Every structure is written in C-alpha cells, then in structure tokens.
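Trainee: Below is the structure I would like to discuss, written out as structure tokens.
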C-alpha cells in the first residue's frame, strides 16, 4: 500500500499519523525541525507545546470536556499522553509539556509503519496527504497553497505567557485559591487600586517587539496580548485576566481590586505561568512589568512570552466537513491551518483528517461525526461559516444544537454533553472497518 503523507508533527499531525497507523496504513511523516526551527519551538519533538500547558476545562458542563471525552473514546494518542502527563490545574486538564511531547514522540517513532522525514516541505506532495503545518507554516508551503487555491489566507499573531520559577515567588504576598472557593490550584497575586493603576500605565508605555511584516494585526479574541488589552481601556484587564471576582484574599477577607493568577506548568511544580498574560513585549520590558506584580518582585523568568505569526486557511471557502479540500481529492487539512484554535481542537481535527485519509487509501467513502458531537459541530462550523471575516474557532456549546425542555444552564449543558458523547460513540461503533482499540497499535 502506498504511504500517506502527513506534513507537520504537531498535535494535529501526530494524531493524524496515529489514526492512519492504527488502521494499518503506512505513513510518511514530514517534520522540518530541527533542520529548520520556528520562532516558537525549542525542540525536535513531536507535539511540542509552545503556549499554555492547558488542554482546557474538564467536566460535563464544559464544551472542551465533551471534546476530551470524544477523543478518549476514539483512542486518541494526544489524550492518552495528556492523561499520563497530567499536572494539577483545578478543573482544567494541564500537562507536563516535556513528558507529554516525549511520550507522543516515542509512541510514534516506535511504529514499524512510520517513516519520519526531517526536512521542510516546500510544495504540496503528490498522493494522499494531510497538511498539519500549524500556525507557523513555512513561507514556501504557504506560497504553494496560494498558487494552488488562490489567496485565501488570513494571518494573526498569537502570544504566549511568561513562566517564572516557583522558588523565586514571595509566597507571603500571594494566596492559593480557585474562584468561588474551588480547588486551590492557582497562586494569586493581589493588587490594590494604586498598584493596578501604575501597572496599567506601565503596560501602555512598554515597548513591543516589531513584527516581521507590516500586515494588520488580527488577534484571535481568546489569545489577545495583555498589552493590547491594556490599550483597549483602563478596565479591560479587570474584566479579563486580572479580574478579582470570586477570589477572596485571606489576609483582608475581601476581593482585591485586581489579581494576577499563576498556574502550575510542570508536574514537579517548579515552573508557573502567568494566566492570560500572553505578550509580545520586549524581554527587558517583560521583566520590569512582572517585577511590579506583588509577590513577583524577585521572580526568575525561565521563559519569556513570545509573539509569532499564525497562518490558517479560510476553511469555509476551501474545506468540507470531512476536512478534505473541495477542489483537491485526497488532500486534507488539520489543526490550526484548518482554522481551529486550541491544542485539543487541533488534535481532534487531526484524528478526523487521518481517519478520512486512511479511508481514501482503503477505497472507502469519507465520514464526518454527528452534529450533536463537539467534533461534529466544530468541523461543520469550518465548512459552513461565513467566509467573510472568518476567524479560528474552538470548542464551545454554540457549535452543537440546543436540547429541548425547561432546565437550568448546568442541567442543559450536562444534557448536551451526554447526548453528544452518546452520538459520537454510536458513530464510532458504526465505522467499517472499526478503529482498533489503542492497545492494538502498540509495538
């Protein structure tokens, strides 16, 4: 059987390759790192996490929780790795990034049907191919896509939060708590009104890195840099990453005027990231601003925030709900390139693209999950959204049909969760050939 090409070994590409391998389809996995690195990556590992280490909230009231459950049912390698590399994060699924990517890399590299090619792909390969090149798609491949399909690209700039060393945090000025008395997995640095005023002003005056091109900045709303939020108004941060609602300072018995939250990044608890503080500021400015935060005056920064370009397709113009290009049989897109936002969403689209690439290789028709499932709702959005001003999408309850009947918000979401997982499970059970259990892919 001819090998299927998977271009890019991020979360989407890794999941696509794994799905193909589980169905007995040989895979040629292209990854340009380490021969050519990106501005955001630091290793040559597959599924390297370069932004937050959280795969989203868990539970039956959370849309990402439903997508997580669907992926577990599907035998996802990414979910298998996430469950093994989990670190405490309250109601969210967060991972130790080194353990996570290391596990996925070893699982894939050990499979006898996988060929790994460490080189940049500059043209669309012939044959059945999954493109999962991520937000930092190389210029050469982007140009090849434009020549093939027209100028249907959009671009915005993602930003990642700084990480500080736990032992350098002054814990006498912070308190552990989750909002509304939930699990105390977060460190909270409270600010008075005067401290916030000075911090906000410093953000407005801070120098940013100059982008590599002069295109208009189009930020995805879930990943707006903190300095951009500050520019939107004095109170914007107070209703965003610095909101104090539901956090009571035990020293005062009151909610602070503002708060900066830190979340554990690794299993050992040595590294903590500033939640919602994605930034593209120059590094000396980041250090100055972080040290204005109570408790972080002497913080040791182990990773500065970075800003990098994100390239993605105008999915409604180019892709169907099976993630196959409408004008190119046997060519699929997955992950951020396909127009989704988030680690889990990238992996989920990688699963579906890999599944349909395998079915084409086996001479079978393509499939798409039911609309009640979160993955089904997500890919239908990609295929049917308004192409004018198209923006990346992440898992949310607006992607699936509402349930009927009078019930509270919590009960309604729980009902949507149960309905979606049941529909997805039934869809999986009806696949022919069936997806082997994850253990069947072990070697």
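The backbone N, Cα and C atoms fix where each Cβ goes, and this holds for glycine too.
Heads up, here are the entries from Swiss-Prot:
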- 8, 9, 10, 11, 12, 13: FAD binding site (BINDING)
Trainee: Using a Cβ cut-off under 8 Å and a sequence separation of 6 or more, which residues in the same chain sit near residue 9 (FAD binding site)?
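Mentor: Long-range Cβ contacts: 17, 29, 30, 31, 33, 46, 47, 108, 116.
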Trainee: Determine which residues of this chain, when 8, 9, 10, 11, 12, 13 are set aside, have a Cβ within 8 Å of the centroid of the FAD site's Cβ atoms, and list them as they appear in the sequence.
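Mentor: Here the nearby residues are 6, 14, 15, 16, 46, 47, 132, 133, 134, 334, 335, 346, 350.
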Trainee: Long-range neighbours only, meaning 6 or more apart in sequence with Cβ under 8 Å: which ones does residue 11 (FAD binding site) have?
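Mentor: Once residues fewer than 6 apart are set aside, residue 11 (FAD binding site) is near 47, 78, 335, 343, 346, 347, 350.
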Trainee: Which state, by DSSP, holds residue 12 (FAD binding site): helix, strand or coil?
Mentor: helix
Trainee: Can you check which residues sit near residue 10 (FAD binding site), meaning Cβ under 8 Å from its Cβ, same chain, 6 or more apart in sequence, and list them in order?
Mentor: 46, 47, 48, 132, 133, 134, 335, 346
Trainee: Looking only at Cβ atoms, how many others are within 10 Å of the one on residue 13 (FAD binding site)?
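Mentor: Excluding its own Cβ, residue 13 (FAD binding site) sees 32 Cβ atoms within 10 Å.
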